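For reference, the structure discussed in these notes is given below.
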Amino acid sequence: LLWDAGGTQELCRVLSVHANGNGNQLLVQYALTSLQHLADTELRPQVPAAVLPTLLSLMGRPMFAKTSVGSKALQTIGLLSLRDGQGTALLAHLLASSPVALGNLAALLHAKVPPGDVSPLSARSAQLEGPGEPQEDAPVVGVAPELTAATCAASLFCSVLSGPGADPEHARIIADALLPPAAAALQRVAESAFASSGHGAAWPSYVAQVVEAALSRAGESVAAAADRVLDAAPGLTQDLEQLLALPFWDGASTYTVHPSAQPSGAASWEEAPQQSGNSKAVVQRLCTRLQEADSRRRLRPQMQLEQRLQKRRQQQPGPRLQLQPPAQQQEPPMPACAGCGRAEAAGSGVRLRPCRGCRRVRYCGEECMRRQWPGHRAACKAAQAAAQQRE
């Protein structure tokens with residue numbers, strides 16, 4: 001009757017008008033509860049297309065994350081979209097085609113860990129119940145509604161990125177846009193949990209699960225996506241290492257991430273199959289990936305230098321062999337007279353005779369020999385003495 005009379009559109013109008021700080025919050029609670037009841041009817045496949053755009057538009061409202069209305073709206077989105085692949089595909093399509101809705105949902109991940117021993121599991125059990133009697137919104141005491149809203153947002157993202165039904169291209173668009181804000185949110189909650197000495201330390205497991213899912217779905221390699229995470233959150237690796245060193249993890253229980261497909265007839269998310277695991281293992285797995293990315297970054301300058309040097313060596317030509325002309329063989333000097341310098345050449349008529357003492361120099365005649373003798377005497381005598389010693 002509600003569907004046939006157009007009551008669904010009227011409920012969406014009520015949400016658009018009153019889901020703000022000045023509207024009738026109790027009326028909004030009743031409207032959300034009515035929409036949640038539709039998820040348990042045969043009309044469930046038709047309801048998401050009519051309701052999800054309105055619910056997603058609410059996430060940009062001021063104070064949305066700090067009220068139980070925000071948590072209930074996120075729970076309604078999960079009940080309407082995460083029970084089958086068709087609803088998940090529609091939610092992925094709406095987020096991929098609306099950067100504003102995607103950004104508003106990602107902004108909810110920036111939750112502060114509340115003081116005291118409060119964990120997301122206790123927040124979830126207190127706030128994420130199925131359809132029930134709505135209550136007036138209360139101040140933020142004990143379990144923080146913003147932490148509950150952040151947990152719901154993480155569950156939705158994990159379902160869209162890892163659950164069945166989502167189009168791979170839509171998941172890629174969501175992952176590419178989600179990586180930087182999710183990384184910054186993880187760093188913030190890790191620092192907050194570490195500063196509170198481990199109170200609420202299980203909460204970073206939810207955001208770490210979102211970052212890990214986005215890494216695997218990004219449109220680039222995991223290594224390149226990990227670099228984007230470190231660009232958005234410098235020092236995140238060290239923050240996670242400090243968080244993992246807390247003694248809180250020694251007795252940490254399992255975490256509950258998201259219902260990927262709730263069976264028909266389940267009264268709430270609590271009855272749906274859950275993807276569970278060890279809280280520390282999720283953070284440790286992501287921390288290991290970021291440590292590998294940090295190692296690659298430290299080695300990158302040296303690798304780039306080696307590549308430039310290799311490229312320069314390839315561009316520079318090798319040593320060239322310069323061909324020298326063959327050395328011309330010099331003819332031995334023709335013997336000449338030690339007195340006048342005339343050479344003994346064919347047709348010159350000059351006939352040289354060696355010195356009768358040393359036989360090392362030659363003369364063209366007696367006249368040159370007598371004229372040269374005063375200067376040649378000492379050398380001639382020394383040469384004769386050396387020849388006698390050799391004998």
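From the backbone N, Cα and C atoms, a Cβ is placed for every residue, glycine too.
Note: TrEMBL annotation is automatic and uncurated.
A quick note: this is a predicted structure, and the numbers were derived from the prediction, not measured.
Annotated in TrEMBL:
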type     : residues : note
COMPBIAS : 315-335  : compositional bias 'Low complexity'
DOMAIN   : 337-380  : domain 'MYND-type'
REGION   : 259-281  : region 'Disordered'
REGION   : 307-335  : region 'Disordered'
Residues sitting near the domain 'MYND-type' (337-380): Cβ under 8 Å, six or more positions beyond its termini, same chain? 387
Reported in the order helix, strand, coil, what are the DSSP residue counts of the domain 'MYND-type' (337-380)? 15 helix, 5 strand, 24 coil
